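> The structure under discussion is supplied below as structure tokens; questions concerning it will follow.
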């Protein structure tokens, strides 16, 4: 059959069934249920971001409002199933629903729920993430002080979970830990940046390296250079993905054992590189969305064998109660894509020994095998809890790896040496013949001189606080050229007026401020944690950083006349707020509603208390703070901090559209109808812009048109004025006219730019 112009994929693969039946990965009597589950579409799952103080409010809003409205609802004659919380995910913060995207989009009854999901996802308050994908970060047991490496991080849903765990305590703006999220694919790194940006954390850095040879990083510890070892490593390796058949139906057609055989070597190299960088006592989670033991238990067994006791599998049977899991398997065979089976390495003919490697087979020595405790691995089967298929192993490092018996030390004489030897080591096939790092005692005078010059260059750039790529032609091999990261010098005159204007606390870590430009006007100021600053300053020559830091201040074109050239940025306000002692206006819930529903409201619209506070305050950027009143339980019960601007006669909030809608929802304001009305108005405004442009060209008077537009909008708003504050705002009519003027100006500017042949599409801010 054909559906939508494409042939329907037949969900059958004889080789797949033969392979997994033979391996016995599914308990006896459950095979039919397993196959039936694989043929069913995957339920949609969502996760409420856990570190925000708003998480409980969003959960309350979901359960009491949106889920309640789905009760007894029928779509196309079928009763809509109520979303269910994932029993094993803490605090009811993850939910799954059988509502397909198609139904969500097409059904008018569900449009409000769909709009809620889309808007909250863009704000970063909800993540659409597959259920099994949530397991690895939970098993890492992250604390806010942990240094974490996510080795193959894109697209970033697990990275987002890790960032949330760092910020478990919202009162600490700078946790001591951080996440370094890496991906080999340059383009996917930008997807990773987009995911991480939604969480507004100063503790995340996105880098672009091959995970199997990710360089050793150095940090400064009390004036000494030491190698950075991570407390937690997430090693979610590239895999054949046959556990994702419910979502990626292409796998049915393309599945063959060849994929697993080709990936095994890379997976083992990445996992080996991970454990090398793990601190003693640290925890590494290895995971795949594959069911194949060649990609799973074979990699873990090989890693445990060559670690010679340095690693052990953690028993996590008591963690995540409610999660149905199968133990890891200890016996398996290897099959070629032509269906030929091999039970041992010695059976493999020489002409097949490039495809099949000895590390793909189970360990034959029974004692060794027993000591490995492979049954401690977790296998998630699709039919047990209506999920995808998944594999997880939790490794703990008890001592240095045998080929690194002396933990690598950084010698000031040879700072470059460490990275070089380490990369060479990890590229060897099985890791056991890796080079042990030892200081080189003899050096000729020439190399000493060269090393001295290199050191002085590095030290100079560090003094200037510049962390850019090295001036090497090799860097051109990587994707886009990134702007450098330049830390603000201690005596930078830029900072003094900012400090004075916002009365920043003496404890404010100004050393952590950075910009992305070395020359010219600094337009944006970003902030990182002290620990990430240490990493950036000591590794600029060996690390390709794609992004780090959150925006805290933006240059305002005419801000200097108000005493400060920089206004606050909403994305960094929760990090900055604890340090700000001036320009704070405490507002009540009604004031917040006015700020979020009206574009530029007059001061007279606010409460008397707010008007009094604003009266003696100079114009410029302000902080608008709402504190919940415990005596009014029906009001919003989580604090809100907004960036705003105080004008001569008005007060406005600088908050992105989706964030505005989020706060309004939390306050119980019906934003869905308002959003629909807004879209209709926008469409009408666009039509009016076209008319206006045409009339302007003909020299006609536009005032009549504006009058007509106002009359139309008043009529529309009057039709249903009881719906929400957004619709009944007289200011909105004025703003639409201003928007109309602005749109036509923009359109005219755009036309003039096009006519000049100026390409403005790639201009970077």
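Yeah, the Cβs are placed from backbone N, Cα and C, and that goes for glycine too.
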> Which stretch does TrEMBL mark as region 'Disordered', out of 664-714, 715-765?
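Spelled out, TrEMBL records region 'Disordered' over residues 715-765, not the other listed ranges.
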> How far is it from residue 156 (S-adenosyl-L-methionine binding site) to residue 289 (active site, nucleophile), counting Cα to Cα, in Å?
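Answer for this pair: 15 Å between alpha carbons.
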> To see if you understand the setup: which same-chain residues, six or more apart in sequence, place their Cβ under 8 Å from that of residue 158 (S-adenosyl-L-methionine binding site)?
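Long-range Cβ contacts: 133, 134, 136, 137, 150, 234, 236.
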> Would you give the longest CA-CA distance, in whole angstrom, between residues of 152, 153, 154, 155, 156, 157, 158, 183, 210, 236, the set recorded as binding S-adenosyl-L-methionine?
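The span, Cα to Cα at its widest, is 20 Å.
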> Between residue 154 (S-adenosyl-L-methionine binding site) and residue 289 (active site, nucleophile), what C-alpha distance do you get in Å?
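Distance (Cα to Cα, whole Å): 14 Å.
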> Based on Cβ atoms within 10 Å, give me the single least packed residue among the binding-site residues 154, 156, 210.
210
